[in-house]
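Let me begin by presenting the structure, written as structure tokens, before commenting on it.
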Amino acid sequence: MPYLNFAERISQVYLNKYTLALVLVTIKVYLFQKTLVAAVRNIPDFSDCSVDELPTKVSVMIRNMVENNLNSFTYSTLALLHVAAKSILNLIWFAVEMLLGTYTCLFKAAIVGTSDFAADTSEMVVKGLNTTIVEITHDIQSGLDGLSSILNKVVSTASKVADFFTGNNNSDSPDQYQKSISLSLGKLTNLSIPSSVLGEINKIRIDPDFSSVENSTKKLIEEPFTSLTNQWNQNETLSLGGVKFPLLQPLSVCDIGSKSIQELSHNLSTSVEMAAKIVIIILAICAVLVMVPLIYDEWRKWNREERIIGNLVNQNTHYYFDLREAFSNLLHPYLRFLPKSWLSTYVFSNYSISFLLVGLLGLFVVFLQYIILRILIKKAKGTDIDTSQMTKELSNMTSVYLSQIDSYFQKQEDNINDKLFGSVKSTSSKINSTLHEFMSTLNDTVNSIFSNTPFSGPVNTIVYCTIGRKIDKVESGLTWINDNLSVKIPNINKKQLSDNLKSVISESDSSAGSVFAKGVQKTIAMYKSNLFLEFVISISLVGVWVMQLLIGVIIAVTKSHLKRRRLGSLTSSLDKTRISSPKELTKEEKLQYGYGFSVTNPYEVQRYSSKLSGTKIYNT
């Protein structure tokens, strides 16, 4: 940099390749730290929380299964009840008709036989009485006629005697008394049992009619069953009463464990950030410190150039020095300590040294990144998640869910019993009232036939023993049905469900923790793989330089061998003409011969000509 002064040169020292390399290393470490921290912090977001929805999905499946089973149960029960209702109706009517028909036939036979006997006997009695009365009245009439003539004579004589003593000739005629007596006998003559009595007796011959009892009974029995079947037909799409099956809420395992997971993630990322900051600070300090020797070197160069240029200007002589070798290779200050050999020049040339420096820089970056990753590995060991809060929530959630299931089954049980058997219970009550009314009608019919007869008591007893007692039993059975007809839905096994849910939660707990741990391990493994790849690449670059070293050794050995051969051939011809070893030039001589330096900027020579005029050249 011959055109720049010392201050201008110092202003660009920070742009040296060493500082640039350290800055690149710092950037690489920073990017590595950022990506690693981001990966660690994102692990909780990628945790498998799908297990949280598992209980809800299971409860939905249970709900669908329970509702489908309940609907199938209700439909099957409705169909069964339709068949049962028709069967019971026909059986009841068959029993009633059998009992009523049997005893109607018996009643008819008893009534017909009794009425025929009574009618025939009564008719004979009436006819006999009428004949006897007529004969008796004729006999009495004959006697009365004779008595009437005697009495008339007595009356006539008495009347005449009375007239004699009284002298009254206007006395009543005796025929008046005779007429009166004859009239009385005439009424007795017409005396007989009326024929209407025979008509009433003949009415008993007519068969007793129980058809009204049958028709009314059949109508009464069919009415509740018809109403019941109509109601069932309306409930073909029997709903479940609008009661919803309880669903388990999401477990929120990740929400509960998120605090622990976030704390672990924060701790790991903090450790990584701290380690990266330390490394970055060290690299920044190194980047600053590496400029110190460079500044010093620039200062030495500047002083030397000032002295040389001043001496040259003072002599007013232009010397041309070759500075290419001194300034083209910036590693010259370090290489000067190495033996001045061809091999060192070859392997540390600009082409070869680039691969070596980049490879070593890569290894250094890998080493720094591995330090950060190693800190993460150490911190990641023994990462556990506190599941006590999860267990507590599980216990509370399970208790609430089981109570909700109990409430659901109880409501469904009441709903099904009401919709399926509510009408059955009302029908049983109606049948009870129907049977009661039937017995009342039957008793009224029997009483209308046998009332005020000697058969009333026995017939009522027979009716009760044969029909009434059975109807009482039927009424008792219907009452029992009304009190006990219900469906008891079997409840779920609470203990088994609770154990299963706890098993799911424990698996989800371990899943949450294991997923986080696996995420950390996968992240570490991924970055290890990346670091290994960077290590391989860096080693490959160093290997290229090593290969160049081997090539240089081969070339150096070859050249040395050729040189020895040439020297051997020259030795025989120059045995007598030996030249002594050259003497090293002094510094003044080196300046005169232009050894190692060249002045390429006349402007600088003129600039310092007046300043350095008259000065001597100092030894450097």
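Quick reminder: no glycine exception, Cβ is built from N, Cα and C everywhere.
From a predicted model like this one, the values you see are computed outputs, not experimental measurements.
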Swiss-Prot: matching membrane side for Y18 and F348: no
In Swiss-Prot, the member of N190, N350 to which N-linked glycosylation site is assigned: N190
Stretch with greatest number of CB pairs under 8 Å, the transmembrane segment (353-373) reference, 20-40, 275-295, 535-555 candidates: 535-555
Chain residues outside the transmembrane segment (20-40) and at least six past its termini with a C-beta under 8 angstroms from it: 265, 268-269, 272-273, 275-276, 279-280, 283-284, 286-287, 290, 357, 361, 364-365, 368-369, 372-373, 376, 520, 523, 526-527
Among N267, N396, the most crowded of the glycosylation sites [Cβ within 10 Å]: N267
Lowest local Cβ density (other Cβ within 10 Å) among glycosylation sites: N432, N443: N443
Between N432 (N-linked glycosylation site) and N396 (N-linked glycosylation site), the C-alpha gap once rounded to whole angstrom: 51
Predicted model, mean pLDDT over the topological domain 'Cytoplasmic' (556-620): 57
Integer Cα-Cα distance in angstrom, N396 (N-linked glycosylation site) to N267 (N-linked glycosylation site): 31
Alpha-carbon spacing, N443 (N-linked glycosylation site) to N267 (N-linked glycosylation site), which is rounded to whole Å: 97
